[in-house]
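Reading through the structure tokens given below for one structure.
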Amino acid sequence: MKQEKTVSPTVENNRSAESRLSQCDLDECFDESHDRDEEVLGSMTDAVYSLLKGVGEDPEREGLLLTPERVAKSLRFLTKGYRQDPEQLLKKAVFTESYDEMVLVKDIDIYSMCEHHMLPFFGKAHVAYIPDGKIVGLSKIPRVVEVFARRLQVQERLTQQIRDAIQNVLNPRGVAVVIEATHMCMVMRGVEKQNAVTTTSAMSGDFMTSQSTRSEFLRLIGNH
């Protein structure tokens, strides 16, 4: 009679961990356990409760009973980029390739929050690089944009961080990033200019030194 092999819980747990890590190799990977940290979520929930009282609301009324926890969970999601490593994400999909012309991913949706008022800003990012023996999986470029956007930001720094991450990992002949965004801190408050759009750029290598390369990039994103 054939005996069935039994697998210890430890082995099963190790296999589960390996499977999870393998999935992280394919997708964005971050410390999920940190998201489930009840102590952090609890302190954030208490803080939102105090804010509601501070603006003159009653956190105990029916419509607001679950609001503190909902807001805390939303903020954890909107700032998940702090718990992700964009350069490690890029390194998981780097390939040797002789292609040496511009690679452009444009019209990447971005949603972030300004660090001054914690109000949203949103728009489009356009990212290009010129390979020097290495390319990266195309989906990783929007993912890197997402990682940096899901933090408290200023648009200027966000633009530079995207450029620097790609430059550091691929060491290409050049990187170009342009972001066009609407800032709710300018729309809902302050100057209240509903149609104002902020454009920032960060470039390196050939995009800095070659006018024709820079012009090609701007033409391709429709900004010339």
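Using the three backbone atoms N, Cα and C, a Cβ is placed for every residue, glycine included.
The Zn(2+) binding site annotation in Swiss-Prot covers Cys114, His117, Cys185 and rests on sequence analysis. The Cβ of Cys114 (Zn(2+) binding site) lies under 8 Å from the Cβ of Pro120, Phe121, Leu152, Gln153, Val154, His183, Met184, Cys185, each of which sits 6+ residues away along the same chain.
Residues or ranges marked as region 'Disordered' in Swiss-Prot: 1-20.
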Which residues, sitting 6 or more apart from His117 (Zn(2+) binding site) on the same chain, put a CB under 8 Å from its CB?
Cys185, Arg189
Specify all same-chain residues, apart from the site residues Cys114, His117, Cys185, whose Cβ lies within 8 angstroms of the center of the Cβ atoms of the Zn(2+) site, ordered by sequence.
Met113, Glu115, His116, Met118, Leu119, Phe121, His183, Met184, Met186, Arg189
Count the other Cβ atoms sitting within 10 Å of the Cβ of Cys185 (Zn(2+) binding site), across every protein chain shown.
16
May I ask you to report the DSSP-based helix, strand or coil state of His117 (Zn(2+) binding site)?
coil
